[in-house]
Structure formats: C-alpha cells, structure tokens
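A.B. asks: Pasting in a structure now, in structure tokens, and then I'll have a few things to ask.
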Amino acid sequence: MYSQIRDYIRDIQRKFVALPGGKMHARRFDPIGFAGGLLIPIGAAVLILVLTRVWEPRLPAEVAQHWDAAGSPDRFGALWPGAWMMAGITALTGAACGGIAAMGRSLLALRQIMLIVAITVTALLTGIWISSLAVQLDLADPAAAALPLWPAGLYTLAGLAVGVLFARQLRDGRVRVQAKRRPPSHLPRQAVSRIHESLTASAKLQALIVVPLVGLGLVLSVVSETLWALFVFIPLALLILLLLRSQVDVDGSGMRARMAGLTAFDIRTEEIVKAEVKQVSPAAEFGGYGLRIRGKGQYGLVFRRGPAVVVTTASDQTFTVTASQATEMAGVLNSAADSGREY
C-alpha cells in the first residue's frame, strides 16, 4: 500500500519537472510540499469549521474553551468565535511553517524540517479542538465535561508520522551545474574510498538548548493550569535533539548528509568545484549550531568548533560540514572530481 502511494506521488512530481526529451531542470515549485505545507493546514481549518457546524445542535449554548491540568473546564464562551479563532490559528500557523516546503529550490533539509513541524502542529491544534467538542456532545452543562489528555498525544504522533511521510517525498530542486575543471592542485588529494562519520553537538550544548525549552513548557503549564504547553515543547525539544546530530557519507559519487533519517543535502561529484579544509567557529561564522544558512547559497552543518570540509559547487553554493575527518573527506572529493576533467 505504501509503495503504491509513493509511486503515485512520484508520478505527480514528474509531471511538474519533466521537459520534452526527458531532460530535467531544477524545480521552483514542489507539489508535494504545497500539498503538505499549505493544503493540509487549510484543510484542517475547514474541517474544524465543518465539524463545528455539524455538531452545533448537540452542543451547549456556551462551550468549554479552556481546561485545567486535570482535564476539567474552567472557562466558557460562545461556540463560533472560538471555532473561527482556532481555525485561523491552525491555518496561519501551519501555512507559515510549511509554506517553504513548496519552494523547490530552497535547501531540502530546511523544507523537510518545516514541513514536519507544520503538519505536526496542525494535527495537534485540530485534535485539541475536535476532542474538546466531542466530550461536550449532548451535555446540558459543559461544566460536567472531562477532557482526557491522550487524544492530544495521539494526534501529535499521527501528525508527526504524516509529516515524515510527506517530507520523505520532497525532492531536491537545488540548482545543479556541472563543473568543467579540476579542483586546484594545492588542495588535499587521497585515494577514493568511503568515509562515514557521525556528527553530534556536545552534551553541554544540547543541555543548554533543551533544558530551558522544557522548563519554559513547565512554567507555561503551571501558569495556564493546563498541560497543553508540554505537548508542544516536549516534542519540540526532541526534534531539536534529533537535529543536533547527523550522519555524513563521502565517496566517489559525492557527499551526503542525513539528519533525523532525512537527507540534509546531497552533493554530487560532477558539480564539485573544490573541497577544502578550514577551521570553523559555528557561533561566530554561522550564528549557531546545527543546520545553518549564512546568506544566499551558503549552508552549514556545524556542530563543533574545529576543522570542517568546505565544498564549493559550480552553482556558487558552499556547504560547510564540521568533521574530525575533514581533510580525508576533502581529499576523496577532490580526487573523485579530478576524473574526466580538464586541468
């Protein structure tokens, strides 16, 4: 079943990228990103309004609009103002996060991450509204309703699964230009082989980012007397932890980096102009750690201060990856790029 869905999605994508003669070009628009990043949030907002209209005859005149940590209602109000507000928040938040997924030439990893966030948040907000109305059906007094916490977690997990499914179908529309000349002779060279390295941020850095985030979720939960904040901040903290580690592979075909099981970027040998080694300070040069963008066409996968392999492509894009084997990686890429090119 999954393979049939995947093949159907890829057939749709080919219709947008195929040119006469079978040639391909870099896409500006990704239909899968458009569907996941824009249509799903808008569709969820429509679902909120339609379901509210269908259930309206079975709901109290005033419905519970806020719930304490125990799942008991503590604030009530008119049905439709709340429905329109939730629909608007769902559509705007989801589209704001996921809109970039439709931009085929943006960095693939960024599009994937934001698409997962968009669909997960959309599912969470939609699930909260549906659950809150469902427990009030056919009640004369909304104060008698009790909202269980498990549906919010279930909707979040479902949204995450759908987000990952859509993210895996995104295609890299980055502009690729074939390099004509060999990399400069003074740059590292070594026998072409496969190099694998696992990259991760230091435990101290991970704690400095994640602990305050979870703490903020706890504070907001205490202040609002509800646990909803934790359903947002804990998954966000886990996502950040996943994004602070990566797997990098270098061989004769190029360099590939993966984050959270998704392709961060894929650089092919034929587009590489040069691969050099530099000392990098992530905070000073990229403004932070992890997947970073520094100006147009300058990307970084930077986790630690120290040596990094800096790959320049014929389309004037640079990819910086901090790695203990930076020199070896640069040597393999330059040697592979030498093959079949002019001096």
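Keep in mind that glycine also has a Cβ here, set from the backbone N, Cα and C atoms.
According to TrEMBL, the record shows the following:
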type	residues	note
TRANSMEM	32-51	transmembrane segment
DOMAIN	45-90	domain 'DUF1648'
TRANSMEM	82-101	transmembrane segment
TRANSMEM	113-135	transmembrane segment
TRANSMEM	147-167	transmembrane segment
TRANSMEM	203-222	transmembrane segment
TRANSMEM	228-248	transmembrane segment
A.B. asks: Are there residues at least six beyond either end of the transmembrane segment (203-222) with Cβ under 8 Å to its Cβ atoms? List them, or say none.
C.D. replies: 69, 228-230, 232-234, 236-237, 240-241, 244, 289
A.B. asks: Excluding the flanking five residues on each side, which residues at least 6 beyond the ends of the transmembrane segment (147-167) place their CB within less than 8 Å of a CB in that stretch?
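C.D. replies: Contacts with the transmembrane segment (147-167): 32-33, 35-36, 40, 64, 67, 71-73, 101, 111-113, 115-124, 126-128, 130-132, 135, 227-228, 231, 235, 261-262.
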A.B. asks: In the same chain, who gets a Cβ under 8 Å from the transmembrane segment (113-135) while lying at least 6 residues past its ends?
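C.D. replies: Distant Cβ neighbours of the transmembrane segment (113-135) are 33, 36-37, 40-41, 44, 47-48, 51-52, 55, 59, 63-65, 67, 83, 86, 89-90, 93-98, 100-101, 145-148, 151-152, 154-156, 158-160, 162-164, 166-167, 170, 228, 231-232, 235, 239, 243, 259-260, 262, 291.
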A.B. asks: How about long-range neighbours of the transmembrane segment (32-51): same chain, 6 or more residues beyond its ends, C-beta under 8 Å?
C.D. replies: 9, 12-13, 83-84, 86-88, 90-95, 97-104, 111, 114-115, 118-119, 122-123, 125-126, 129-130, 133, 162-163, 166-167, 169-171
A.B. asks: Where else in the chain does the transmembrane segment (82-101) make close Cβ contacts, counting only residues six or more beyond its ends and a cut-off under 8 Å?
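C.D. replies: Tertiary neighbours of the transmembrane segment (82-101) are 30, 32-34, 36-38, 40-42, 44-46, 48-49, 52, 63, 65, 110-112, 114-115, 117-119, 121-122, 125-126, 128-129, 166-167, 170.
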A.B. asks: Give me the DSSP three-state residue breakdown of the domain 'DUF1648' (45-90), ordered helix, strand, coil.
C.D. replies: 26 helix, 12 strand, 8 coil
